[in-house]
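**Student:** Structure provided below as structure tokens; questions to follow.
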Amino acid sequence: CLEPTCKRHFLSEYTRRVHMQTHVPKGPFPCTKGCSETFSRQHDRFRHEVTKHGYKSKWTCQSCSGFFSSQKSLKKHKCTESVRKRWKQT
């Protein structure tokens, strides 16, 4: 990461660029559930609305309870044992 206070390291340039968006102070995606949070990525806003405001996603994996912002994302999802464990921990 290029942010002086962040100690994260990434193997790929793409992953680093995606991570850098988390350091952008105000994002173009405001919470639609009534709080003042804004997000640099639409996916982050969606995850916030599900976890903090109890929004129920239309697209949820029946095996691991993982939630997705689109039907396409759910279809691409590969539900393995390690994925199920990760979702159960959150």
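Note that Cβ sites are derived from N, Cα and C of the backbone, with glycine treated the same way.
TrEMBL entries are annotated by machine, without manual review.
The domain 'C2H2-type' annotation in TrEMBL covers 1-23, 31-53.
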**Student:** Would you list the DSSP helix, strand and coil counts for the residues of the domain 'C2H2-type' (31-53)?
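**Tutor:** Counting residues per DSSP class in the domain 'C2H2-type' (31-53), I get 12 helix, 2 strand, 9 coil.
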**Student:** With DSSP helix as H/G/I and strand as E/B, how many residues of the domain 'C2H2-type' (1-23) fall in helix, strand and coil?
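**Tutor:** Looking at the domain 'C2H2-type' (1-23) with DSSP, the answer is 11 helix, 0 strand, 12 coil.
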